[in-house]
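Q: Here it is, the structure in full.
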Amino acid sequence: MTYEAAARFEPTTKSASATVLERSAVIDLDAVRHNVRQFVAVASPASVMAVVKADAYGHGAIQVARAALGAGARWLGVAHISEALVLRAAGIDAPMLAWLHTTESNFQAAVAAGVDVGISGWELDAVVAAAREQERPARIHLKVDTGLGRNGSTITQWDQLVGQAMEYQDEGLLRVVGIFSHLAVADEPHRPETDEQLAVFREAIAVAEDAGVDTEVRHLANTPATLSRPDAHFDLVRVGLGLYGLSPFEGQSSAELGLRPAMTVRTLVSNCKRVPEGQGVSYGLNYRTSGESTLGLIPLGYADGVPRIATGGPVRVNGVNYPVVGRIAMDQMVIDFGIVGADEPSLLGAEAVMFGDGADGGPTADDWAAAAGTNNYEIVTRISPRVPRIYVNETPEADAR
Ligand SMILES: Cc1ncc(COP(=O)(O)O)c(C=O)c1O
């Protein structure tokens with residue numbers, strides 16, 4: 001039984017309220033579709049690759065991939081071949097690129113499933129061996145390191161890689177479908193390094209074209225570059241964070257970018273009690289109540305993906321945001337309602353929102369990123385499988401491709 005099935009399990013003796021899930025990450029696929037349409041419009045005439053690696057940043061790769069394709073994305077992007085194979089097994093046949101491999105990666109399965117693979121250098125021979133084995137040409141995208149210092153060929157080794165790839169292409173063993181690179185600081189638009197990376201990328205394209213490479217797609221832009229650098233769009237933009245409605249820019253909210261956050265993490269206040277002044281809270285007793293007060297127990301902890309370091313992060317109950325007090329534990333955290341009296345009884349079982357779209361002044365993934373000293377990418381991606389994903393606004397007909 002999955003966590004989701006268990007969460008939905010309803011003993012016959014339970015009341016109707018048992019249908020309210022104890023905790024869930026609610027994914028609004030309409031928000032995903034809205035965000036995709038925004039990026040399709042911004043990127044046009046370039047196409048959009050929906051980046052759905054890491055289970056679509058925690059949102060659910062299959063559901064998000066279908067919604068994104070239904071809303072106009074043409075490509076899907078993942079890190080691992082195994083992630084691409086999950087999408088293929090779900091019947092998704094859109095063009096798909098996987099770009100992060102090891103010597104144990106299953107290139108044969110990628111070739112057999114028509115999954116494009118990113119090539120930095122050493123993978124070329126392994127992919128060609130897989131193509132020979134499968135008696136089917138591999139589809140590859142050559143990656144150049146324009147400055148990020150991670151994957152990709154250095155510009156000095158680039159002409160050699162291109163030459164090798166073209167020899168294999170002439171032998172019918174592969175097709176060079178794309179040339180790509182990845183940006184390091186596009187989320188900080190004032191920094192000069194993006195211009196430097198663009199210049200190296202253009203140089204790499206020129207070298208490849210001189211060698212006879214005729215690509216379908218040249219691609220460089222991630223979410224921030226798609227939004228802020230039209231000169232980086234080329235033929236295809238690879239959008240991850242923005243699909244999920246989150247802003248890559250410090251000081252600019254989702255709403256200011258016309259995006260709608262798709263994930264809401266919510267639960268129910270699981271205990272509520274009046275305590276005296278000086279009550280210590282959670283391991284280490286780092287927090288003590290400053291007066292008589294009411295503590296609320298929130299049944300989400302670091303096993304659910306709440307960063308342990310994020311004490312102070314907000315939880316919304318009955319329309320008020322309360323900071324988490326004391327240490328965040330594996331399964332739970334505590335908020336201090338700061339009240340005593342008539343309101344107490346209504347708090348047990350009240351909905352508690354860790355983050356959502358923020359539209360009503362509620363907490364956002366950005367708030368939790370600030371509390372944890374990290375970014376919003378990490379906050380949504382780390383929500384663990386113990387928190388069932390619940391999809392709203394699924395339209396199976398539109399998203400069935
Ligand atoms: C190679 C590559 N392209 C595109 C993306 C998408 O980036 P973003 O989520 O900023 O759109 C990523 C994500 O890290 C990536 O690794």
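From the backbone N, Cα and C atoms, a Cβ is placed for every residue, glycine too.
Pulled these from TrEMBL:
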ACT_SITE  Lys53  active site, proton acceptor
ACT_SITE  Tyr283  active site, proton acceptor
BINDING   Arg150, Met330  substrate binding site
DOMAIN    262-392  domain 'Alanine racemase C-terminal'
MOD_RES   Lys53  N6-(pyridoxal phosphate)lysine
Q: Any same-chain residues 6+ apart from Met330 (substrate binding site) with CB under 8 Å of its CB? Would you list them in sequence order, or say none?
A: Gly301, Tyr302, Ala303
Q: Which residue among the recorded positions Lys53, Arg150 has the fewest other Cβ atoms within 10 Å of its Cβ, if you could check?
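A: Taking Lys53, Arg150 as the recorded positions, the minimal 10 Å Cβ count falls on Arg150.
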Q: List the same-chain residues at least 6 positions away in sequence whose Cβ sits under 8 Å from the Cβ of Tyr283 (active site, proton acceptor), in sequence order, or say none.
A: Gly326, Arg327, Ala329
Q: Within the domain 'Alanine racemase C-terminal' (262-392), what mean pLDDT does the predicted structure show?
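A: Average per-residue pLDDT within the domain 'Alanine racemase C-terminal' (262-392): 96.
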Q: Any idea what the Cα distance is from Arg150 (substrate binding site) over to Lys53 (active site, proton acceptor), rounded to a whole Å?
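A: About 17 Å separate the Cα atoms of these two residues.
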